[in-house]
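A.B. asks: Mind looking over this structure? Questions follow.
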Amino acid sequence: MQFKSLLVSALAAASTALAQRSCGTPSPTEEQTEVAQRLQFNEENARVAGNATRLAPVTVNVYWHVIATSNSVSGGYLSQATLDKQLDVLNEAYAPHDIQFAQAGADWTINSNWASDRAELAMKRALRKGTYADLNVYFVPGTPYLGYAYFPTTVTTGSSAFYYDGVVILSDSVPGGSLSQYNLGHTATHEVGHWLGLYHTFEGYQCGGNGDYVSDTPFESEEAYGCEIGRDTCPSQAGDDPVTNYMDYSDDPCFTHFTTGQETRMHSYWTAYRASYQ
């Protein structure tokens, strides 16, 4: 997976040309995978010992930022009604895991340079709101990806890492967008999963090792596209490929769930890195 800033395409080419899901979330660093491995160890020990505790429900404040080239849908402009639908999609996906989202604010900016995803840090420095516990979502029409996010980590408020934090979403992938495979709003579901600490289900691209560092997601040696129900790229390991998991690359209609282990992981990361900022 390539880092977001390595690929920037022309505004027009970044929308309807996408035939497969693409995620520009940076690969986890060695430090981040060490944290994930430690969390997996602690979570699995608690589960085996029978003393795993249900963490308190989490409500995340969301700040929407719509960046467009004009006040038209073709320019990337999204209405408040569309933002409301996107919020509903997130809440439906995350509610079974005691995570909910509440709109804290929304703003609209006409800026062709920002809309092309060529000035990420400048855009975020100007628009970001709230604390490290608050989710900032930036809708842009010109990113070469369906979306990207940043994993939770230790940050100093006001630092570049603080401003980079958040989720960037291709405008056409919102509910009712022009991308027929990806217009149910689950690009945001997927990227918010990263923001809460989850890796791709195919992390590592192999049938052994640590995978995504979550014990109950089956191993998967490559990403899944479309909706390949019953696919098994790791026949020597238990379970078919988790193609309906939100953290795979399947089409939006194929997605159905997070696992119990992923739920625990999101709460673990929230407690470790974001909860104290509320």
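Keep in mind that glycine also has a Cβ here, set from the backbone N, Cα and C atoms.
Just lifted these from Swiss-Prot, have a look:
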type	residues	note
ACT_SITE	GLU191	active site
BINDING	HIS190, HIS194	Zn(2+) binding site
DISULFID	CYS227-CYS254	disulfide bond
CARBOHYD	ASN51	N-linked glycosylation site
SIGNAL	1-19	signal peptide
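Looking at the shown structure, can you explain where the listed features end up?
C.D. replies: In the three-state DSSP classification, GLU191 (active site) falls within a helix. Counting every protein chain shown, the number of other Cβ atoms lying within 10 Å of the Cβ of GLU191 (active site) is 26.
Within 10 Å of the C-beta of HIS194 (Zn(2+) binding site) we count 22 further C-beta atoms, all protein chains included.
The secondary structure of CYS254 (disulfide bond), as reduced to three states from DSSP, is helical.
Other C-beta atoms found within 10 angstroms of the C-beta of ASN51 (N-linked glycosylation site) number 8, with every protein chain shown included.
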A.B. asks: Out of HIS190, HIS194, CYS227, CYS254, the recorded positions in the record, which is closest to ASN51 (N-linked glycosylation site) when you go by Cα distance?
C.D. replies: HIS194
A.B. asks: What whole-number Å value do you get for the CA-CA distance of HIS190 (Zn(2+) binding site) and CYS227 (disulfide bond)?
C.D. replies: 16
A.B. asks: About how far apart, in whole Å, are the alpha carbons (Cα) of GLU191 (active site) and CYS254 (disulfide bond)?
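C.D. replies: GLU191 (active site) and CYS254 (disulfide bond) have their Cα atoms 16 Å apart.
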